[in-house]
Amino acid sequence: MLDLKFILNNKNEVIKKLSTRNYDLANITKINNLGEMRSKLIFELEKLQAKRNKLSDEIGIKKRNNENCDSLIEEVNAIKAQIEKVDHEADDIISQVNDILTKIPNLPYDDVPVGSDELDNKVIKEHASLGRGLVKGVEAHYDIATKLDIIDFTRAVKLAQTRFVLYKNAGAKLIRALANFMLDTHINNGYKEIMPAHLVNSKMLFGTGQLPKFKDDLFRVSDSDLWLIPTAEVPLTNYHYDEILNLNEPIKYVAYTKCFRSEAGSGGRDTRGIIRQHEFHKVELVKIVRQEDAMGEWEKMVNDAKNILTLLELPYREILLCTGDMGFSSAKTIDLEIWIPSEQRYRETSSISICKDFQARRAKIRYKDADGKTKYAFTMNGSGVAIDRVMAAILENYQNSDGTITVPKVLVPYMNGITKIEAK
């Protein structure tokens with residue numbers, strides 16, 4: 001959430017940056033107007049309170065002198081009613097302002113490319129020579145997985161509905177291997193592992209920015225205030241909800257969880273395979289840092305995510321997202337897109353975002369600087385990485401002409417020594 005004072009004092013800058021984020025700028029004008037109205041009400045409130053206090057003093061004097069003060073008491077009661085009315089109007093304005101504030105996206109850094117959608121994103125670097133390079137002419141992951149009997153799509157639909165899958169045999173083992181490999185790698189790089197619950201309350205989803213704006217993208221437990229997590233970013237960041245932290249060293253967390261998304265608005269995209277599911281597996285990275293340390297720590301996080309794909313020897317590219325394609329809470333995002341041979345294109349497998357103090361304001365995560373001043377922390381998060389999409393990439397990039405799948409070298413120890421997945 002943006003700071004209201006910053007918006008009011010830097011209206012032109014805010015409008016300029018939000019104009020690049022497909023945001024309705026009329027709301028900024030509305031906030032300014034509401035701010036002016038509230039200032040007038042507060043001025044009126046202060047005058048009424050001063051008048052009430054003066055009359056109350058006069059009543060006290062008259063009572064001590066045994067003089068009649070009925071008319072003054074009536075006047076004070078009338079002023080109290082006015083104060084209550086003005087107070088209510090001011091509270092209503094605050095409610096309107098907060099409602100707008102909660103739905104304003106983060107302001108992008110100055111070096112983020114301006115654009116309206118993914119077509120305006122900027123390719124930073126391509127790592128096309130990793131592994132076997134940009135493979136062509138292979139079976140789609142969903143076809144080869146069915147032949148190898150490692151994913152069951154049909155029974156998953158029977159058990160639930162479309163966009164769910166059942167991993168089995170070597171497929172289940174590969175999912176576990178990927179998760180454990182990623183966790184071990186990140187833990188060795190200084191992240192602390194947390195295993196959170198898959199359910200959180202609405203206050204936590206507000207903290208990281210999913211609510212109220214993206215309610216339709218979430219799964220909610222009926223008749224309760226519990227929601228399935230769309231990403232472990234939610235519990236990891238809100239782990240320090242409403243706390244003042246010691247940030248002499250960055251706080252670094254990693255978690256492997258299931259994630260749940262309704263995929264509202266995805267329509268008929270990616271209806272086959274494991275690219276887009278309602279329930280999927282992901283290793284998530286979160287850092288909470290001092291403001292001055294943020295950019296350096298974010299760049300390290302980008303490298304931590306890249307390291308996973310490099311070790312797996314899977315071709316990928318780095319994309320700097322434009323202003324119109326970034327997530328709601330992000331001030332700058334780099335996507336890592338992995339090569340999917342059957343589609344002959346790259347697909348996102350990680351987004352690494354720095355959020356400035358946007359989430360920390362919502363979640364009230366603070367720290368004390370060297371001078372003892374309390375400040376909002378800076379937060380960042382990134383997929384480290386999305387496991388199902390990596391599995392799809394392995395099934396295609398490591399596919400052999402005899403219909404088997406070579407297990408990436410770094411995963412062999414996690415696969416009990418299995419070097420090849422083949423039909424049983």
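Glycine too: its Cβ is placed from the backbone N, Cα and C atoms.
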Matching residue for the L-serine site, where Swiss-Prot names Thr231, Ala232, Glu233, Glu284 - out of Ser116, Ser129, Ser383: Ser383
Cβ neighbour count within 10 Å of Glu284 (L-serine binding site): 29
Separation of alpha carbons, Arg261 (ATP binding site) and Glu284 (L-serine binding site) (Å): 15
Where the record names Arg261, Ser262, Glu263, Glu348, Thr349, Ser350, Ser351 as binding ATP, the maximum Cα to Cα distance in Å: 19
Local Cβ density at Thr349 (ATP binding site) - other Cβ atoms counted within 10 Å: 27
Residue among binding-site residues Thr231, Ala232, Glu233, Ser383 with Cα closest to the Cα of Thr349 (ATP binding site): Ser383
Lowest local Cβ density (other Cβ within 10 Å) among binding-site residues: Glu233, Glu263, Glu348: Glu263
